[in-house]
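Participant: Pasting a structure here, questions to come.
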Amino acid sequence: MMSSCGPLLLAVSCCLVALTSSLNLDDPNVCSHWESYSVTVQETYAHPFDQIYYTSCTDILNWFKCTQHRVSYRTAYRRGEKTMHRRKSQCCPGFYESGDICVPHCAEKCVHGRCVAPNTCQCEPGWGGADCSSACDRDHWGPHCSSRCQCKNEALCNPITGACICAPGYHGWRCEDLCDHSTYGNNCQQKCLCQNNATCHHITGECVCSPGYTGAFCEDLCPPGKHGQQCEERCPCQNGGVCHHVTGECSCPAGWGMVCGQPCPTGRFGKNCSQECQCHNGGICSPSTGQCVCSSGYTGERCQDQCQVGTYGIGCSQACRCVNGAQCYHVSGACLCEQGYTGESCEERICPDGQYGLKCDRKCPCNTNNTRSCHPMSGECSCQSGWSGLYCNETCAPGFYGEACQEVCRCQNGADCHSVSGECICAPGYKGSDCAIACPPGTYGINCTSLCSCKNGAICSPIDGSCSCQAGWHGVDCSINCPSGTWGLGCNLSCVCGNGGACNALDGKCTCTPGWRGDRCDQHCQDGTYGLDCRERCDCSHADGCHPSTGHCRCLAGWTGIHCDSVCAEGRWGPNCSLSCNCKNSASCSPDEGACECAPGFRGTTCQHICSPGVFGHRCSQACPHCVHSNGPCHHVTGQCECLPGFKGALCNEVCPSGKFGKNCGGSCTCTNNGTCSPMDGSCQCYPGWIGSDCSQPCPPGQWGPNCIHTCNCHNGAFCSAYDGECKCTAGWTGLYCTQRCPLGFYGKDCVQACQCENGADCNHISGQCTCRTGFMGRHCETKCPAGSYGYGCRQVCDCLNNSTCDHMTGTCYCNPGWKGTRCDQAGGNIAESPNSLTSAALPMDSYQIGAITGIIILVLLVLILLLLFIIYRKKQKGKESSMPSVTYTPTMRANTDYAIAESLPQTEVLPNSNYFSNPSYHTLTQCSSPPHINNIPYGKMNNNQLFVNLKNTEPRKRLSLLDHTGTLPADWKQGGSFSELGAYGVDRRYMGKSLRDLVKSLPYHASSCSLNSSENPYATIKDPPLLLTKSTECGYVEMKSPAHRDSPYAEIHSSSPANKNVYEVEPTISSVQALTNNNCNGPFCQDPYDLPKNSHIPCHYDLLPTRDSSPSPTEDSK
C-alpha cells in the first residue's frame, strides 16, 4: 500500500510547488523556505492478543486446574499520517509583492521622497526626517538645518530665525530663567494668588502651602486633627487635646501629659502635670484639678483632718454604730467601749438586765417599761424616747421629745409634736417635716393629699378646697361662663354692646362685628374702610367704594377685576371679554389682541418654553456667564449660576469655607470630636473611636478604630480603648488582651498587690482572699485549727477520748500511752506505743479477686486468637476473588473488513492483576440472559471509558427504558485528557456524587446462569448489556478481565490498557444520535463504502473465555 502511493504523492507535491512559485525567481528580493504538510496513508502492523490455555496444578480450590496465558500476533491495518515537505517562495522580510517582483516596504509613508529600502526613505531636496515630512527638527534651524538651537527648558526654536519661544513658566533670551515667585504661566504674565507664604508653581500657578495651611490658595488652616506639610500628618492629641496646625504640638486639658494620652503621674496634676499634689495621710490627688480624694478616716482640703466624732470611713461618710458612750475609730469604725459594756458596738451590758455594780449584785431602780437600759456600773437610768426623770417615770414637756426629752420640737403653724419621734402632725393646709410648707396650688386638706377641682384660674383654699372664681366665671368649680349679657366678678354687671357686638366677660368691653365701630358698636365704618374695627382700607381703582364688612369693590360700569383695574376679567380678552387667554408661566395677555407678553426667562407664542441653555432674562436676550462647578447653564430667569453642593460664588468656583457645606454653602457642619466635614454633603469622616452622623457617639462597647470597624479582643470585663483598641484590665487580670490571671502570689488591679496567704492557701487573683487548706483558718490561713476541731474551715469536731489529741487536718486521734483504737477508747495492755503513732491493720487480699483477674486474662487471649483466625480467612478469600472473570466493553477503530483495532487508553488507568480474554475464532454458544434487575441500572455510562455511551439527546427518564445500544467515541478520542472523568461527548461519569464503579459495586448482581465448558476456546455468548441506551441494528464489541468480587463476576467494569487488551473483531457502528448530530463526519469511525463491506453485520452477542491466572507477557508490557 505504501509503494502504490509514492508516485501519486510526488505528483501532488510537484503541482503544489508549481502553484506557489508565481514570483520572478531572478528577483534578488525573493526568498524561499521549506514547509511541511500531511498525507493520509494505510499501513499494516502486528497486533498482539492474549490466548488462554489450561494446565494441571496444585490449586485445590479450582479442582487442580490453572489458567495460563500466551501472547499471539496477527496482521492488522490502521490509517496513519505521513509528513511531506515542499519549497515555497515569498518576498524577503521588509518587501511585499507587486506583480511578479518584490518591492521595499516603509512603515511610514515618505511624504516628500520615495522608499528605496525597507523603512528607508530617500528624501527630495530640501526636506528631512525619517519620512521626509519636516524641513528641520526642533534642535536645528537655518539653511539646510545646519545651525543648532540654543533654547532650554523645552522651549521651541523658530526653524527660520532660531529665536526661542519659551514654554509656560520660563523667560529670558534662551528661556533659561524661571518666573519669579509672584508670577507664572505664559511669558510669566499671570499673577500668583497664593496666601500665607505659600509657594507658587512657575508653570501652573498651583500653590504649595506652608505647613499648617490648606485650600486652593492656602487660605485655610489645617482641619481639626491634621497638621504639618499639606495637612497630611495626623494629630496625636487625645482626650480633648487641641493640636497646633503647624507644629502638631498638643495643648492638653489639665490632668494630661504627653500628647494628652497619659494621665499625670502620681503626685502631679494640672496643665502639663506641672503642679505638685499636697494631699496627706495617703490621700490621692486628682490629675486635673489637684483635689484630694482622702483615704479612709480622713477629710479636709488636703486630708489633714480626722473624721468628726460619730463618723468614719472613706469621705467620713459612714456613721459610727458605737453606743453607750463608746469611742469610734475614725478609720474602720471600730468601737472602744466604756467600762461595763462589751460587744462589736458596745451594745451588750456585762451585768444581767436589771442589775448593776462591780459585782452586778445591785438592782436597777428604773421604771422597766420606760427605760432603755441601766448603767452597769453606776445604775443610772437611760430612758426610752419620750420619757424623762431620774427613774424614767415622767413624760416629755410640750415642745420637747426624744431621749431624756432633750430634743426641741420644730413643728410650725400649730402642728402637734410626737413625744417619741418628734414627728410633726400638720394642720390642714400645711405639709413638710416641720409643717412649714403651705399646700401647693391645686392641693388642699391634711398633708395636702386632696386635689382641687377649681378651673379657669380660680383660687383654691388650701384648707377646705373651696374655689374663688375669676371675673367672667361662676359655679362651684368656676367652670361656667357668665350668661350672655353679663360680665365681671360674680357675673353681676350687664353688657351694653349693639349690632351683634360681643361682650368680654372679664371687663365688659365690646368686640364689634365687621362694618361697625365705637365703644358700643353703634357706628358704621367710614367711607374707604371696612372689616373688624374698620381697620382695613378699600383697594379699589375704578369703583364706588367697597362693602363695609367684606371690602368687596363696587366696580364702576365698564370695569372688572378684584380691584376694578381691568377692562376685562383676568385671563380674558376680545369682544365682551368672551375669549380666554392661553398664556402660560405667569405671562400677561393683551386685552385687545390676546398676544402673550412673556415673563423673563420664558419664550414661545404662549410662553411655554424656558430660555435655551446659555441665555436668560427678558426675551432670553442675555448670555449666561461661565459657571465652573454647576449642574448646567445659568438660571433661565435670573442668570445666576446654580452651584453644585460644596461650591459658591458668582461663577461657582469657590469651595465652601470650613464649617459650611451643601447647596450655596447653606449648611453648617455638625462634626465633633475632630471629625472632618465634607463640603459636598456635610458628611463627617470621624476620628478613630467615634461614629455617628456628627461623630458625637463613641464606639459601642466592644468596637474601636475608624468607623468602629474593629472588634475589641479584650476579655474578662476589660475596658477597650475606642481609639486604638488597647485593653485596660480589671482587677485580677493581665496580658495584652487581659486573658491571663495574675501571676501566682499577686492579685488586684494591675496585679501589683502581693498575696498574704500562708500554709499553701490559694489566693483569689481578683480580691486576694485566701482559701485555706484543710486544717488551717484565719484571714491569711496562718492559724492551725484550735484544739478539738479539724478539717476544712475547722468546722469538724474531734471525736477522740481519754485526753488524746486530734490531727488538725485529718482528725486522726493520737492516743496517749495505754490507749488504742480509732477513738483511743480501747485499753492498750502492756504495749508501749508512741503517743503520736497511728496503727492500722492491713486488709488481706481475697482469693476470689485473684481468680477473677486470671479469668479476664484468659478471655482476652481467646478473643485475640479468634480475631487473628478471622483476618487470615479474609485474606485467603480475597486471594480467590482476584482470579474471577469480568466483562468490559471497549470501542475499536475500523481498519478493514477483516480486522478491528483497539485504541489505547491512558496507561495510568491500568489495574493490576487483570485477566483478559480474546476471541480469535468466534464460536457462538448458547446466549445467556442477564439478571432482570440489571435492566434497572440508573446510569448510562461505564467507568473509565471502557464503554462510551451517547446520551446527548436522551431524557433521563427515557434512558432507563432503552435496552439495545451501540457505543460511540468522540472525534478527539485519542486525546488522553478527554478520558479522565467524562464519557462520550463530555457526559460526566459521576452520578449523584458517586462514580459508576462505586455504584456498580453496590448493586446486587449475580453470576450468569450460563455454564462455561473447558475446551481450547470455550466461548459463551453474553447478551448486550442494558447500560447501552440508544437503539441500533449493529453492535460494538467487548473485552473481558477478572472482577474484584467472586460472587458477582459481571458486576464490576475496569479500565484497560494497550498492554493486555484483547479485541474481538466486531464492526464499529454509529449510534442514531450521533448520526443526527454529526453529518459532516471526519473522525476515524465514519462509515464509507471502503470501510464497511457487504454482509458485515454481526449479531448483538459477545463471547466469553474462562479465567486465567498468568500475568501479561513482557512483550505486551512493552507494547
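Keep in mind that glycine also has a Cβ here, set from the backbone N, Cα and C atoms.
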Participant: Could you let me know which of Asn369, Asn1013 shows up in Swiss-Prot as N-linked glycosylation site?
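Facilitator: Record annotation (Swiss-Prot, N-linked glycosylation site): Asn369.
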Participant: Name the residue among Asn447, Asn802 that Swiss-Prot annotates as N-linked glycosylation site.
Facilitator: Asn447
Participant: When you check Swiss-Prot, which of Cys188, Cys207 turns out to share a disulphide bond with Cys194?
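Facilitator: The record-listed partner cysteine is Cys207.
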Participant: Give residue numbers and ranges for long-range contacts of the domain 'EGF-like 10' (573-608): same chain, 6 or more residues beyond its ends, CB-CB under 8 A.
Facilitator: 560, 566-567, 616-620, 635-638
Participant: When secondary structure is assigned with DSSP, how many helix, strand and coil residues does the domain 'EMI' (27-104) contain?
Facilitator: 0 helix, 62 strand, 16 coil
Participant: Per DSSP, how many helix, strand and coil residues does the domain 'EGF-like 4' (227-261) have?
Facilitator: 6 helix, 8 strand, 21 coil
Participant: Just to confirm: which same-chain residues, 6+ apart in sequence, have a Cβ under 8 Å from the Cβ of Cys164 (disulfide bond)?
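Facilitator: Within the chain, Cys164 (disulfide bond) has Cβ neighbours under 8 Å at Cys149, Gln150, Cys151, Lys152, Ala155, Leu156, Cys157, Asn158, Trp173, Arg174, Cys175.
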Participant: Tell me, which disulfide-bonded residues from Cys106, Cys121, Cys712, Cys757, Cys770 are within 10 Å of Cys497 (disulfide bond) if we use the C-alpha atoms?
Facilitator: none
Participant: Three-state secondary structure of Cys448 (disulfide bond) from DSSP?
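Facilitator: Assignment for Cys448 (disulfide bond) reads helix.
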Participant: Given the disulfide-bonded residues Cys92, Cys121, Cys166, Cys712, find the one whose Cα is closest in space to the Cα of Cys303 (disulfide bond).
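Facilitator: Nearest listed residue in space: Cys712.
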Participant: List, by number or range, the same-chain residues at least 6 past the domain 'EGF-like 7' (401-436) whose CB is under 8 A from its CB atoms?
Facilitator: 372, 382-388, 394-395, 444-448, 461-464
Participant: If I take the alpha carbons of Cys121 (disulfide bond) and Cys469 (disulfide bond), what is the distance between them in whole Å?
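Facilitator: Each residue's Cα considered, Cys121 (disulfide bond) and Cys469 (disulfide bond) end up 120 Å apart.
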Participant: On a C-alpha basis, identify the one among Cys66, Cys106, Cys478 that is nearest to Cys770 (disulfide bond); the candidates are the disulfide-bonded residues.
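Facilitator: Out of the listed candidates, the nearest Cα belongs to Cys478.
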Participant: Report the mean pLDDT of the predicted model across the domain 'EGF-like 15' (795-825), rounded to a whole number.
Facilitator: 90
